[in-house]
Amino acid sequence: CGVEAMEMETEAGGRVAAKENVDPVANRGAISPEMDAHEEKELPVTVALMVRPLVGAELVDGCRECVSVHATEPSVSLVSEHKFTYDHVYHGSGASEKALYAQCVEPLVRGLLGGYNATVLAYGQTGSGKTFTMGTARDASRDFASETEREPLGVIPRVMRTLFERVAALPGDTSVAIKVGFIEIHKEEIRDLLRPKSAVTLRDAPDGGGVALVGAREKEVRTIEEMAKALRDGSNARATAATGMNDRSSRSHAIFTIHVETVSAGADAPGDVTRAKMHLVDLAGSERAKRTKAEGARLQEGIQINKGLLALGNVISALGDDKRRRAKGAHVPYRDSKLT
Ligand SMILES: Nc1ncnc2c1ncn2[C@@H]1O[C@H](COP(=O)(O)OP(=O)(O)OP(=O)(O)O)[C@@H](O)[C@H]1O
Ligand SMILES: [Mg+2]
């Protein structure tokens, strides 16, 4: 049964994280009994678990669900009776996609216009439904009216809809510029999905503000249709291949970034500029070569995917360790992988 986890962060200028059901970090979170209310408020990361329904091939093979979702609390149990607790747990299709968006992602889109950076990551084993949930599949950004119970819209199309609705509702004297970027990290190389032949390199940003993607296009979009086209074109350019566990497995980490710049002309704060960005990340799935039956190029990809995810796990552990995060000169190993 596919299980995937998503993490979101609201801290301005902050970093990102993700993890899966069997990860030791699974029970860390705002719901931990050791935390008091004050600490809960400070926690910059929310973890939501989406358990997808069994898909065609699994039903044909006679698979049965191995995760039971608790009715009264956001936790699940595996057949082994290990219990894992999250901030939110969703199960199934349709209504659960809507609830996940409303509870975990929509507040971040509202924050984006207020100048807060945010990241949403889909993390989980290969075939667990990350691409489906994020909406970076090949039919990305299909007509919003085409949403059905069986084919719900993904997170990214919903973000677009909320963003443009909120921009339309801003006072007339506020101007908003929106740009999008879409890159993939494939075997530790970065490619621009909006301009597939161009190479992208990572450099330290000149102002000491993190890293810059040199050569990656930031495309200005004025309408939801233009943004949807960028998502669709980039998703089509992404590296995918069939493996033993997913006939359209993402072989790269894909990052769709929305940059928003708001200039207010109101009497209170004329000329005030607010900038923020939102990263929407569809990671490649963690995998075991034995189960994906990967060989040759697929196996090499799998090794790189697992390496990147391991580095991400280490960064999350460092960030999630409150003492380590606050300590002066604390080391967070961001440079172990291009993903981090
Ligand atoms: N919530 C869901 N409801 C119905 N079907 C789903 C759901 N989530 C995923 N699926 C189906 O499960 C299959 C695998 O999903 P998907 O390709 O999104 O997995 P993935 O996690 O991105 O895998 P990989 O890491 O290999 O890229 C697809 O056929 C997809 O349509
Ligand atoms: Mg995928």
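Glycine is treated like the rest: Cβ placed from N, Cα and C.
Just so you know, TrEMBL annotations are computer predictions that nobody has curated.
TrEMBL has this to say about the protein:
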type: DOMAIN; residues: 44-340; note: domain 'Kinesin motor'
type: BINDING; residues: GLY124, GLN125, THR126, GLY127, SER128, GLY129, LYS130, THR131; note: ATP binding site
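Mapped onto this structure are the features recorded in TrEMBL.
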{"residue": "GLY124", "record": "ATP binding site", "Cβ within 10 Å": "25"}
{"residue": "GLN125", "record": "ATP binding site", "Cβ within 10 Å": "21"}
{"residue": "THR126", "record": "ATP binding site", "Cβ within 10 Å": "23"}
{"residue": "GLY127", "record": "ATP binding site", "Cβ within 10 Å": "25"}
{"residue": "SER128", "record": "ATP binding site", "Cβ within 10 Å": "25"}
{"residue": "GLY129", "record": "ATP binding site", "Cβ within 10 Å": "21"}
{"residue": "LYS130", "record": "ATP binding site", "Cβ within 10 Å": "29"}
{"residue": "THR131", "record": "ATP binding site", "Cβ within 10 Å": "27"}
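Not one of the binding-site residues GLY124, GLN125, GLY127, SER128 places a Cβ under 6 Å from an atom of ligand 2. When secondary structure is read from DSSP and collapsed to three states, GLN125 (ATP binding site) falls in the strand class.
Regional average pLDDT for the domain 'Kinesin motor' (44-340) in the model is 85. DSSP gives THR131 (ATP binding site) a helix state. Within the set of binding-site residues GLN125, THR126, GLY127, GLY129, LYS130, THR126, GLY127, GLY129, LYS130 have a CB atom less than 6 Å from some atom of ligand 1.
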